[in-house]
Amino acid sequence: MLISLRNLGSSLPRRVSPPCNHHLSSIFSSPSTTTTRACLITCCFTGVLCILRFPFVTKSNSNPTNFFDGLDKVSMTKIIQQDQWNDPRVVGSIQSSLAPIWVSRVLVEFKQDPKLALKFFKWTKTRVGFRHTTESYCILVHILFYARMYFDANNILKEMVLSSWVLPGSDVFEILWTTRNVCVPGFGVFDALFSVLVELGMLEAAGQCFLRMTKFRVLPKARSCNAFLHRLSKAGEGDLSRDFFRDMVGAGIAPTVFTYNIMIGHVCKEGDMLTARSLFEQMKKMGLTPDIVTYNSLIDGYGKIGLLDESVCLFEEMKFMGCEPDVITYNALINSFCKFKGMPRAFEFFREMKDKDLKPNVISYSTLIDALCKEGMMQMAIKFFVDMTRVGLLPNEFTYSSLIDANCKAGNLGEAFMLADEMLQEHVDLNIVTYTTLLDGLCKEGMMNEAEELFRAMGKSGVTPNLQAYTALIHGHIKVRSMDKAMELFNEMREKDIKPDILLWGTIVWGLCSESKLEECKIIMTEMKESGIGANPVIYTTLMDAYFKAGNRTEAINLLEEMRDLGTEVTVVTFCALIDGLCKRGLVQEAIYYFGRMPDHDLQPNVAVYTALIDGLCKNNCIGDAKKLFDEMQDKNMIPDKIAYTAMIDGNLKHGNFQEALNMRNKMMEMGIELDLYAYTSLVWGLSQCGQVQQARKFLAEMIGKGIIPDETLCTRLLRKHYELGNIDEAIELRNELVEKGLIHGNSNPALFADADLLNEFPGSSILVTVRRKVVVFMPDPRLPNITLEVSGKLWILQMVGSQVGRFMHKVRAMDSLAKNGSTVFVDALMTCCPDEKELLLSWKGVIALIFCAKFHIGSYSDT
């Protein structure tokens, strides 16, 4: 019965070496009713067992040297020493139902000979069907500890704790406490139990054991408490670490420098520098001297949150206190200054470290290399890389990954893959970070076949693709408009139970929106919500923009209401997309309405919002309202950007306010805002429309001089405007310049050279002789869709002949109706004549048209 009762403990779960579990949080808090009841039941159960059994092992009987079946101490000593384990008396006793009690009694009898007791204990546990009780373990631990056989005692404690059927740590303590009188009581054994539980990672049991120890005023050593604190910190149990520290101090256990170092180091990693500073001051008040570990933790902690001045002050303090900085100290300072754009100071610390004969390690070099790579200073990074290998330091994964990442971002994929090959040659394995960096680099360059090959190679090398790797590959396929492949990878990833994060969901939505697959977008949005991830403002804004581009204003507006109903933050970017979309649809009044609603959401328009509305107003002929917004924007101390200025320039020119447009351009220059292609195009096009061709040509030359290439349409428009205004010489000169610079092509551009053959068909005319001396440019007229480029060009010759001759004193308009294949084409030839050529021109008018029609067989001519 006793054995069966004891074996009830086998149903209790045992956990070895997990960092911690959620039950641990209850250790240092008030016990629940259920927990209290369980503890009381366990204590009563343990007490009953001790009452029933313990008399056999602690109290004297009538024959203390007689065990069972004629066995006495002398006989047992001989049997154990001579390994006579087959003695029938021993075999009978070990097979008895009272064997556990017999074993305990033998152990007690041999307490003066701990080696024999240990040998007997080890033999009995090898017997089939026999298992030691917790009491047997505890008796032997007391015996060994009293004999100062600490190593063996600790091993027995570990064996006992690891046994799958013994009681929880707190109840092991109870039995260890009850059996303490086997030898002269020594309380170090209880500290050993606590230390073993900590060493095995059984933090919950250790916490329960600590509570029992404080209850019985058997306190663990500070060293054991430090080990427990360290384990809690490593397990990420910050709150429990703080609670235990308070309980430890409250129990009267004096913290050591190591105790404070553990706590300061932990809170520094959490970024709680106020608590770290408080512990630091408390430590000094207790008369404890901070050591290099203390200072390093604080310097690193302050540096990681950007409080660089505090880090430097502590650095100076430690030197003043005679605590010399080491490589870890300098590495912390170098890392902090590199992270927060203090590269010059980081290099100063690097040089100072070498001046003090401290050898920079791999971390020192790798930190500087990574910072240089992020700043785009590749040559300097490579120099440090070479120096690092020259002094005998082997680059690690972090070093190579930094260089590979920088080369990928710079588009130097060849160099990146050379570094990857070098890693393998140096027996440095490519990790998931390196593979993902290379994947991302290939995808950004659109090299999807190579990216797919690398993705497969990654799996073959034993590196399992993670979320980031899949995200890079999916994003790459979306960029090259391979949405089907992207969705295939997305589904494959989910089948492997890799859960998409909000970034990947957003990437999928962006991809579908870019291909106007809005119905599929709705399905993805639903799946995302079902997975427990709510759409963020970026995803809503992307979808809203797609709906506007698809012309679905209603769905776009509904998204705004949905965001509000779900409690999703409506951002300035959201309103910017909304206002921009409405403006592009021509709904400027509605855009103004939502612009006015922004304060209702505690939002203020920024430059982008003002610019979107100003641009919309300008494009929809509301230049007055745009001007008011432009001024309002500046009154709020917002500096208009390039887009806002360009919109105002374009709007003013469309309304003929070319002087105001030029003023805007001058303000841009004063603000140091460089004109781009769009600004120059607006100026050249708009000034041409306003008849300011000289100004337009000046800006065209200026933009070309800055390396900004105008498109052919802009050049053609300016040429045509010169001809419309009769500036033939200037047009020809401009045309030659543009051809020479390769901006237009004489044989393929809509603006072409006309051969002089047609002019030769009008002999004897001084007008035509004059024109024949010129190189004439012609362009197709968009009003003549059914006439070829060549025919349209010839019609322009007639028009240009008329506009070139004379002093613009008289205009003759000829309207010719030509019919061919049932379609009618209207040809306008506008000729301006001088008085002395007037009659000649009029007499030739009909002839010119007749010859033209006959040459191109486009119908008949009737003089009206």
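Every residue gets a Cβ built from N, Cα and C, even glycine.
As recorded in TrEMBL, the features of this protein are as follows:
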type	residues	note
REPEAT	221-255	repeat 'PPR'
REPEAT	291-325	repeat 'PPR'
REPEAT	326-360	repeat 'PPR'
REPEAT	361-395	repeat 'PPR'
REPEAT	396-430	repeat 'PPR'
REPEAT	431-465	repeat 'PPR'
REPEAT	501-535	repeat 'PPR'
REPEAT	536-570	repeat 'PPR'
REPEAT	571-605	repeat 'PPR'
REPEAT	606-640	repeat 'PPR'
REPEAT	641-675	repeat 'PPR'
REPEAT	676-710	repeat 'PPR'
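Within the same chain, residues 397, 400-401, 404-405, 407-409, 411, 413, 416-417, 420, 423, 472-473, 475-477, 479-480, 482 sit at least 6 positions outside the repeat 'PPR' (431-465) and bring their C-beta atoms closer than 8 Å to a C-beta of that stretch. The residues of the repeat 'PPR' (606-640), classed with DSSP into helix (H, G, I), strand (E, B) and coil, number 26 helix, 0 strand, 9 coil. Through the fold, the repeat 'PPR' (571-605) approaches residues 537-538, 540-541, 544-545, 547-549, 551, 553, 556-557, 560, 563, 612-613, 615-617, 619-620, 622, 625 of its own chain, all at least 6 residues removed from its boundaries and within a Cβ separation under 8 Å.
Sequence-distant neighbours of the repeat 'PPR' (396-430) (same chain, 6+ residues past either end, Cβ-Cβ under 8 Å): 362, 365-366, 369-370, 373-374, 376, 378, 381-382, 385, 388, 437-438, 440-442, 444-445, 447, 458, 461, 463. For the repeat 'PPR' (676-710), residue counts in helix, strand and coil come to 26 helix, 0 strand, 9 coil, using DSSP.
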